[in-house]
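Colleague: Take a look at the following structure, please.
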């Protein structure tokens, strides 16, 4: 009989081989032969959407975040409710907030025309997020692809998995760490709030109750966000007042001046907090921020993808085949 140490070594070797194979299933050239026009097809549609509405770039980037944070990057956020499951679109972090589904529909339609049945909705989200950042002046990167689409979604998982804007620093660090993302990754990914807008309901408590907020900004935001809950809940304000449609490092400069719009934003810089030094570094160097952001986006895209024979390639991103 083989010795127990030999068997243990064999099992370990097989685990390493399996892990390597799983990771290798995502690659930057996954569709190079099966859909060579994929990138140009996606980018042209994203460009049109952002030209029509600059805010859409932030919305498309956020879709990828909200997909990956719930059971991995599997396209589940795109699914409408069915008789067998309640999807994620009406979860608390998403209802009246997550948007851009029509743009994804348009991209999927164009990709299906070019390469029928080949490209997953999960991969379309990953490419779209990259293109949105690049079109708005941010970095570009080689997107790892090969994800497949989930056949189901979970409203409960979305409610429990996506950090709310009321999160404190320890809660943010803990949630990101649980997904394999470091504290530095978390601070870099938060920089996506250099673009886009937030609803009054997400920052009302901060502008009326918190003291570590620039008074001028508080007054400006109060003018369009009434204190009374239920009044003006969906009124919008830019997350970055200076350049809400340019992907830059102003977000971090704002934090140092107590101009973070969301409670969770300002938690990254507390004048004595554990992430203050990272924020200062990004505020001083846009290149450092964009480099770390790129690394973090690639890592986020690796969260629990469905690959191989798992999941499916949806024909319509809103419903399972």
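Glycine residues also receive a Cβ, built from the backbone N, Cα and C atoms like all the rest.
For 1-24, the entry in TrEMBL reads signal peptide. Per TrEMBL, the feature domain 'Plant heme peroxidase family profile' maps to 25-321. The disulfide bond annotation in TrEMBL covers 35-115, 68-73, 121-317, 200-225. If you look up TrEMBL, you'll see 62 marked as site 'Transition state stabilizer'. Residues or ranges marked as Ca(2+) 1 binding site by TrEMBL: 67, 70, 72, 74, 76, 88.
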Colleague: Among the disulfide-bonded residues listed here (35, 121, 225), which has the Cα closest to the Cα of residue 72 (Ca(2+) 1 binding site)?
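Modeller: Answer for the nearest of the disulfide-bonded residues: 121.
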Colleague: When the Cα of residue 74 (Ca(2+) 1 binding site) is compared with the Cα of each of the disulfide-bonded residues 35, 115, 121, 200, which one is closest?
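Modeller: Nearest in space to residue 74 (Ca(2+) 1 binding site), counting only the disulfide-bonded residues, is 121.
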Colleague: I'm trying to understand the geometry here, so how far is the Cα atom of residue 68 (disulfide bond) from the Cα atom of residue 76 (Ca(2+) 1 binding site), in Å to the nearest whole number?
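Modeller: Answer for this pair: 9 Å between alpha carbons.
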Colleague: Have a look around residue 121 (disulfide bond) and count the other CB atoms within 10 A of its CB, chains all included.
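Modeller: Around residue 121 (disulfide bond), other Cβ atoms within 10 Å: 29.
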Colleague: Let me check the 10 A CB neighbour count of residue 88 (Ca(2+) 1 binding site). How many other CB atoms are there?
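Modeller: For residue 88 (Ca(2+) 1 binding site), the count of other Cβ atoms within 10 Å is 28.
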Colleague: List, in sequence order, the same-chain residues at least six positions removed whose CB sits under 8 Å from that of residue 115 (disulfide bond)?
Modeller: 31, 34, 35, 37, 38
Colleague: Under 8 Å between C-beta atoms and at least six apart in sequence, can you list the same-chain neighbours of residue 67 (Ca(2+) 1 binding site), or say none if there are none?
Modeller: 73, 74, 75, 76, 77, 78, 122, 125
Colleague: Using C-alpha positions only, work out which of the recorded positions 62, 70, 88, 121, 317 is nearest to residue 225 (disulfide bond).
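Modeller: Closest recorded candidate to residue 225 (disulfide bond) by Cα: 62.
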Colleague: Does residue 317 (disulfide bond) have same-chain partners at least 6 apart in sequence with Cβ under 8 Å from its own Cβ, and which are they?
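Modeller: Looking at Cβ-Cβ distances below 8 Å from residue 317 (disulfide bond), excluding near sequence neighbours, one finds 75, 78, 79, 101, 104, 105, 108, 121, 124, 149.
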Colleague: Closest to residue 200 (disulfide bond): which of the recorded positions 62, 70, 88, going by Cα position?
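Modeller: Looking at Cα distances from residue 200 (disulfide bond), the smallest one goes to 62.
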Colleague: About how far apart, in whole Å, are the alpha carbons (Cα) of residue 62 (site 'Transition state stabilizer') and residue 70 (Ca(2+) 1 binding site)?
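Modeller: Residue 70 (Ca(2+) 1 binding site) has its Cα 13 Å from the Cα of residue 62 (site 'Transition state stabilizer').
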Colleague: Applying the rule Cβ within 8 Å of the centroid of the Cβ atoms of 67, 70, 72, 74, 76, 88, what extra residues of the same chain belong around the Ca(2+) 1 site?
Modeller: 66, 68, 69, 71, 73, 75, 77, 150, 153, 157, 158
Colleague: Express the predicted model's confidence over the domain 'Plant heme peroxidase family profile' (25-321) as a mean pLDDT, rounded to an integer.
Modeller: 97
